[in-house]
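To keep things clear, I will list the structure first and then write my remarks on it.
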């Protein structure tokens, strides 16, 4: 049961409420208490940072104080800020979330970076076809469509809720006419050929999920986390299907968990794909975006 948090914000100014909220979050041992407080306060009041500063002395209304208290209660209970707001920025673009989607993380931007790197290096077709497997909110696919004019993309997911969320994000970003979303397992409903296939598949070993942070294990969908006994179930299913549906010269890019990149490269090679460069690392130096090509006959 979510613990109740009293409302200490009624009658406070915006600046006083910010300090109170930050103190409460610090007391709950939340690492980014100051940043979380500013974001949650701004969301509750409909103000950006400039607005919070400009109106710092204004007293809160009763409704505003109630909203701030609700945000505080949810954050102290371990709910991520992005879940509370229902949105997260990825690749500089806003994405709505749902219970069926992961919160897009900066680590996954390495997949987008590697894809754009490959497109710059080769003479891609004027209308490249992209598939995003396990699309969730559509973050990877829609980021690529945003940056690759003329590309058309298909996102697949088992969750109808996730697909609805992805379609909504495509509409918001003005990319609905260049994207489609299909309910299926991996690439089962797709024929290809595709110039690029991308995926952030579930890769957490089943036994490790209870050890994840509260924010992840209680608020991210387990379908998008659980990679089976050793964490490689999704890769074993995805890679052979992707190899069959890649166009000659096309590339497959997948996100890897910590310590998984080398084993994934072995699976790629076993599917007759060519690993022609090292994985792209995230900001912590962990190899994340693992890629391979289907060589022309």
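Backbone N, Cα and C atoms are what each Cβ position is placed from, and that goes for glycine too.
If you look up Swiss-Prot, you'll see 134, 135, 136, 137, 138, 157, 200 marked as S-adenosyl-L-methionine binding site, on the strength of sequence analysis. Look at Swiss-Prot and you will find 200, 201, 202, 203 tagged as substrate binding site, backed by sequence analysis.
Where Swiss-Prot records a feature, it is marked here on the structure.
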residue	record	DSSP class
134	S-adenosyl-L-methionine binding site	coil
157	S-adenosyl-L-methionine binding site	strand
200	S-adenosyl-L-methionine binding site	coil
Check: same-chain CB within 8 A of substrate site center, minus 200, 201, 202, 203: 134, 199, 204, 224, 225, 227, 234, 235, 254, 255, 257
Among 138, 201, which are binding-site residues, the residue with the most C-beta atoms within 10 angstroms of its C-beta: 138
Sparsest-packed of the listed binding-site residues (134, 136) - C-beta count within 10 angstroms: 134
List of residues, in chain order, with Cβ under 8 A from that of residue 203 (substrate binding site) and at least 6 apart: 227, 231, 232, 234, 235, 255, 256, 257, 260
Other C-beta atoms that fall within 10 angstroms of the C-beta of residue 137 (S-adenosyl-L-methionine binding site): 26
